[in-house]
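Written below as structure tokens is the structure these notes are about.
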Amino acid sequence: MGTAKVTTPLVFAITIATIGSFQFGYNTGVINAPEAIIKDFLNNTLREKSKSMPSEVLLTSLWSLSVAIFSVGGMIGSFSVGLFVNRFGRRNSMLIVNLLAITGGCLMGFCKISRSVEMLILGRLVIGLFCGLCTGFVPMYIGEISPTALRGAFGTLNQLGIVIGILVAQIFGLKLILGTELLWPLLLGFTIIPAVLQCAALPFCPESPRFLLINRKEEERAKEILQRLWGTQDVAQDIQEMKDESLRMAQEKKVTVLELFRAPNYRQPIIISIMLQLSQQLSGINAVFYYSTGIFKDAGVQEPIYATIGAGVVNTIFTVVSLFLVERAGRRTLHLIGLGGMAFCSLLMTISLLLKDNHTWMSFICIGAILVFVAFFEIGPGPIPWFIVAELFGQGPRPAAMAVAGCSNWTSNFLVGLLFPSAAFYLGAYVFIVFTCFLVVFWVFTFFKVPETRGRTFEEITRAFEVQVPAGSRAEKGPIVEMSSIPPSKDAV
């Protein structure tokens, strides 16, 4: 196997793909800053149409719907990943669904001038559909075009795109920029620009060579793309691995979502995938950002929004740190470190929140705990769940697995957003004890059940899971080895 290099075509393709990740992050964070302004828009529009003052309950319900409908769209979109990637390919799927981003951006951008609450809500739903699809497309594409030795580092770029998107949304949402009564439609409609940029650039990116060889049987084209992307002529071993997987796929029946749970050789990796996604959303990261503005204010920070943006900067910096660590320390190790550090910080936040009224210096302890909590999140639970799912499955079950994992992430995100305000109201600072318990459970699960995938090919990882499956239950028989016994590929050394 030739030594793969970081080439310009590879960096270009991954950068263009992560525009989809940026879109997800941007549209997640963009709705928060102009909350009061959008509520005024809802109030004025409803009053004009009904000729009467809308109730506070109706306004709150419409605002909540505007926020939550994004996650509903994400759930539907993420579950539809397989419908696109198997038919159109990875690259073409990313290209096609930008129509949703442009449509959603137009609906939101023109809702004010049209005096239409319905356009705002529909736009959020459509952009949610788009982002849900992107959470499947982007990690899958990056994982399939990256050399084995760099797959984790490049996979982390998906999360980097997300956190940069959130940070840009926070900055653009400032009153000095687009967070004003006049310009907030531009803030929401900005999502059109990255969509158009990605549409213009994607035709210059290659299709996934794994898709071309395994799904389309285009071996020569796949070989040519691999050589160009990896900067080496010696890709014979990688091509052979894909051909072996293609033969393996031909011997198995088509993998559906139900088959992932029924087939013994898929059951363990899909459970791991779901648990890793839950470890991200149930870690308490959204709760920390929910509390952060108030905590910064209590600590005497004059403009808490800038401190929250500072937390977003920490978010971004430690995602970059994770990028350099993931191929050295490994996925499993970083995930364990992240979960353990977050559990400690969560406990520290509970104590400091309970004592800050009696001891003002405790507010600064809490701020420190928040920033370190965010740092630990981006070392492990932030980036790793997104790309490790693509590593745990072969070409056949991968689209269905990405759909299930993505849907579980979006669903848990939706439920946390729905239930957290009530939990915070009744439990106060003790709400972080709940997240601490979740973090401990996920740490134990990761320690005992999650394998290390660093430096291993897709074929090696897939084979390793079959060791626990009785021979008669496997979809296909063949040589099997323990996950712990697989040596990393030479590229990874």
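Heads up, the Cβ atoms here are built off N, Cα and C, so glycines get one too.
Not measured: the values here are computed from a predicted model.
Under the topological domain names given by Swiss-Prot, Gly143 lies on the same membrane side as Arg398. Of the residues Asn358, Asn409, Swiss-Prot records the annotation N-linked glycosylation site for Asn358. For Asn43 (N-linked glycosylation site), the nearest neighbour among the listed recorded positions (Gln159, Gln281, Asn358), judged by C-alpha distance, is Gln281. Nearest Cα neighbour of Asn358 (N-linked glycosylation site) among the listed binding-site residues (Gln280, Gln281, Asn286, Asn315, Glu378): Asn286. Secondary structure of the topological domain 'Extracellular' (175-183), assigned with DSSP and counted as helix (H, G, I), strand (E, B) and coil, comes to 0 helix, 0 strand, 9 coil. Among the residues Gln159, Gln280, Gln281, Asn286, Asn315, Glu378, Trp386 said to bind D-glucose, no two Cα atoms are farther apart than 17 Å. Packing against the topological domain 'Extracellular' (33-64) from elsewhere in the chain are residues 112, 115-117, 120-121, 169-170, 173-174, 179-181, 184, 187, 305: each is 6 or more residues past its ends and has a CB under 8 Å from a CB in it. The stretch from 11-32, 184-204, 270-290, 305-325, 430-450 with the most CB pairs below 8 A to the transmembrane segment (154-174) is 11-32.
When Cβ-Cβ distances below 8 Å are used as the criterion, the transmembrane segment (332-352) is approached by residues 276, 279, 283-284, 288, 322, 325-326, 362-363, 365-366, 369-370, 372-373, 375-382, 384, 429-430, 432-433, 435-436, 439-440, 442-443, 446-447, 450-453 of the same chain, each at least six residues removed from its ends.
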